[in-house]
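Engineer: Mind looking over this structure? Questions follow.
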């Protein structure tokens, strides 16, 4: 069993909001992650687990402090796990220079360039972390789902689409839905994956959903919320591009519900307003 | 009409979470405060207003980012106003040296010592801010209540007790309930009010409630939540002393409900868990 150190623990809505750290093999650095454990009433009870992926600049703390999700995790009896958003402290030249690249901006890919070889958030999130969680917490590994915000919405969509059967459901709030076409994605993918755009397609939600043509019937409806006043979306800003994802999904026959939320921004006030709906979306698949 | 500058605005649970700044006459400095305005469906509609006072180290942001209160303010249709916790940037010697004294630690008193003469959070919260709010936002000045956390719980209790009729109801989460006996209070009161402990009684919730003997029938029940694992309370720690307040209230015939919350700490995970109950407590008095 990998060694976990408890960093903090606080009672919240009858359960416990905890943060742990461990030495990550994938990232070659220490990594923090959060775990919410709902109230436990029965010995040996196991819970479904919902993975939350955060956006640019976030650590494992933003979601647990700002979204108010614990109310719904407690109510639906779901364990919620939230990793950090990149390796930290690797002393890679330039890793601290930008808020949207390097530290806090792992984009949930496995980098293939030598310089960023430790940036393996994709394998961390889909392999190392779930194994660690299954070994250490009362979760049922057959009931897992994933969701996220912004860069983390991108992460949730690609982790779901690349691993059929691993997650029961997926949802996203203001996801970067077409990384290859987003200024954020173009910069990060060039650095982490190199200039060959074929490699980018493996981590681009719009490209991945395109490949599901004919398999849509097996995929549960994908829920996406997008605020109309989101500063990365409104006035033709092309950072998020949820419409590209929706078009590709429809073409491929993959069910997707995009809800335009009038007047909402890109912030945690938006996330906190709709997080209840996302728990209800996942609970349909996780708790029966 | 005093000049207000909008610092930020974000849609949240159908209403708007805003921050404003203005030049405060009481504090002789710029001051920020937050305002949540619930969804407005009718022109010229006015809402009751609930004042939130925050704890040590907080600004006007902690409560609006971490408590999840907007859900309940939206539902009960209440405007919620939250000031900062002290003047800022006055360049008083020592104001930045401690987390529990000076900047971020105004303790909601009007200082009488020359050095701290700008520390007039009591008058700011009970006079300048309500006037500003009534002039600028759709509130009904006959329906006001007040609540807070830790230092802000102390603030809420004293503002309520010192101003009969001004607030319809009061509640507190982990308040510093007997400032004159708390290490925090002894240091701050000595600096802000001088060594004469008679002056301290004017800003000590336990001393103030003692003076209500015979008038208890006019006071609505005071709700207090206290976590049993609160690091400033457990193991005999004498920083908060809610039991002193409750004893004095009972002696004076003032109705108070102290709820000991098993396993909870002093943090916003505790606040977010019980904030719904506090809205319900105030809604009984504010919305009929």
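Each residue, glycine too, has its Cβ placed from N, Cα and C.
Okay, these came from TrEMBL:
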type     : residues : note
ACT_SITE : A:150    : active site, charge relay system
ACT_SITE : A:230    : active site, charge relay system
ACT_SITE : A:266    : active site, charge relay system
Engineer: Tally every other Cβ atom lying within 10 Å of the Cβ atom of residue A:150 (active site, charge relay system).
Structural biologist: 26
Engineer: Calculate the distance in Å between the alpha carbons (Cα) of residue A:150 (active site, charge relay system) and residue A:266 (active site, charge relay system), and round it to a whole number.
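Structural biologist: So the alpha carbons of residue A:150 (active site, charge relay system) and residue A:266 (active site, charge relay system) sit roughly 8 Å from each other.
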Engineer: About how far apart, in whole Å, are the alpha carbons (Cα) of residue A:266 (active site, charge relay system) and residue A:230 (active site, charge relay system)?
Structural biologist: 5
Engineer: Give the number of CB atoms, excluding that of residue A:230 (active site, charge relay system) itself, located within 10 Å of its CB.
Structural biologist: 21
